[in-house]
Amino acid sequence: MHYRFLRDSFVGRVTYHLSKHKYFAHPEEAKNYIIPEKYLADYKPTLADDTSINFEKEEIDNQGEPNSSQSSSSNNTIVDNNNNNNNDVDGDKIVVTWDGDDDPENPQNWPTLQKAFFIFQISFLTTSVYMGSAVYTPGIEELMHDFGIGRVVATLPLTLFVIGYGVGPLVFSPMSENAIFGRTSIYIITLFLFVILQIPTALVNNIAGLCILRFLGGFFASPCLATGGASVADVVKFWNLPVGLAAWSLGAVCGPSFGPFFGSILTVKASWRWTFWFMCIISGFSFVMLCFTLPETFGKTLLYRKAKRLRAITGNDRITSEGEIENSKMTSHELIIDTLWRPLEITVMEPVVLLINIYIAMVYSILYLFFEVFPIYFVGVKHFTLVELGTTYMSIVIGIVIAAFIYIPVIRQKFTKPILRQEQVFPEVFIPIAIVGGILLTSGLFIFGWSANRTTHWVGPLFGAATTASGAFLIFQTLFNFMGASFKPHYIASVFASNDLFRSVIASVFPLFGAPLFDNLATPEYPVAWGSSVLGFITLVMIAIPVLFYLNGPKLRARSKYAN
């Protein structure tokens, strides 16, 4: 691990301040550091200095790389938000920049191994909290007995957890894009609260308290889901961003399947309460590790801190940063508009966003519905034990991993290499893969439903579930990247915040009616066939959405006031 990771970690920052800058000092605080002339108090700008800074600039340069962005969670965007090569002088202010294009303090200049380790940390963080969504579901029967409640009420803690991490990005995403807060402090503080919340969740003795605690748990679990993609974008070059996002999102997509796997073992060996003690342990381990090893990567925050250090060293109050200037121009009214109103406005007014939100919400909901459907067949028909049921969820993980190994080389061929050759690439380059994903999703649902009967082997439904998961992964990756490439950087955060909220609210209610849907359509020979077919026919119709984007994408973007 590089020294920089410890220095810029949460513990490193605290130690730096408590020691009054004695430990974990930065390069500009070294005695042999040569202060650039422009930061000196008696420096006078010349005509050689460009004295204007345009923070509203949204064009993409001739390299195909954008100059800034705002990102959200599950915010899979292909817009680079870390290019801070703005001009150095703004009137009487001196704006701090990186020390050259190859400045090692710029996260985008880190060596590949450091970037890989950072992405691993974000992915592990995402997995360690995201598995908490469905971790208790194998113990629902025991929960129903302990609290004297029905199945629908026992499913509410899952519903409220999902709603919680849909609401969270409305609060935490704007904070993570503010230079004062940055990414790491948000991750660490909310993760600490998530860990603490697992203790009363494991001890609570009534369903009302459990529901409240689960909502709060989802709320504080949301930053890594909402901002993880933005953190990846901080360190990965624009042309490699889809690959970096795919690597991170493996943790995001596989996490909910790991939950029931571990939850089934813990429920059998102990009780449903131990699923939350497990979450406390695994997220607590993540908290301790990240406190020491997760560095800050948001460019505006790093330059904001650098500006403070340079002001202290030089005594020059003219030194400032882009983030400080933006904060001085942002009113509370504008903050409320950006945070609360604009995501709703874009969802309603933008057909592209609305259609993608509906499609992704449906796909997301189907994955959560599996937590209700698997027990109907594997326990009710094939008489699997609870632990054996938990292992069936690994079929979803296998399907996602296979899809990732196919997706990454394809996207490098279709996106990364053309960008490096300085060829023009349009957002619609992602859509053919989304169409393939839609076909796999629909096919998997029919395979799962009609192979899950009383006479066939149980491997058939698992193959169908893996196929469904493969399609879902491809749809997530491509449509998120399509949105990230289609909209102006200023609106990216709102676009993804709307998607977070929309898909989470829709997905949260699916488990409530999932079991009744399949029970009412079941036949003695085919217990889940017609329920799966209903979902299959819906997703078959929805394949028309990416087809529409492929055929009319440029026209739709041309009509939008938010799109590039």
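Placement of Cβ uses the backbone N, Cα and C atoms for every residue, glycine included.
The model shown is predicted, which means the values in this text are computed figures rather than measured ones.
Quick look at what Swiss-Prot annotates:
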COMPBIAS  67-88  compositional bias 'Low complexity'
REGION    60-101  region 'Disordered'
TRANSMEM  116-136  transmembrane segment
TRANSMEM  153-173  transmembrane segment
TRANSMEM  184-204  transmembrane segment
TRANSMEM  210-229  transmembrane segment
TRANSMEM  241-262  transmembrane segment
TRANSMEM  274-294  transmembrane segment
TRANSMEM  358-374  transmembrane segment
TRANSMEM  393-411  transmembrane segment
TRANSMEM  431-451  transmembrane segment
TRANSMEM  457-476  transmembrane segment
TRANSMEM  489-506  transmembrane segment
TRANSMEM  530-551  transmembrane segment
Contact between the transmembrane segment (457-476) and the transmembrane segment (393-411) (at least 3 Cβ pairs under 8 Å, separation 6+): yes
Beyond the flanks of the transmembrane segment (530-551) by 6 or more, those residues with Cβ under 8 Å of it: 352, 355-356, 358-359, 362-363, 366, 369, 373, 428, 431-432, 434-435, 438-439, 441-442, 445-446, 448-450, 452, 475, 478-479, 482, 517-518, 521-523
Same-chain residue ranges lying at least 6 outside the transmembrane segment (274-294) that approach it to Cβ under 8 Å: 1, 5-6, 9-12, 118, 121, 124-125, 128-129, 131-132, 135-136, 138-139, 184, 187-188, 191-192, 194-195, 198-199, 201-202, 262-263, 266-267
Distant-in-sequence neighbours of the transmembrane segment (153-173), which means Cβ under 8 A and at least six residues beyond its ends: 72-73, 75, 132-134, 136-137, 140, 143-144, 147, 186, 190, 207, 210-212, 214-223, 225-227, 339-340, 343, 368, 371-372, 493, 496-497, 500-505, 507-509, 511-512
Tertiary contacts of the transmembrane segment (184-204), as residues 6+ beyond its ends and Cβ separation under 8 Å: 8-10, 125, 129, 132, 172, 175-176, 210, 213-214, 216-217, 220-224, 227, 273-274, 276-277, 279-280, 283-284, 286-287, 290-291, 294-297
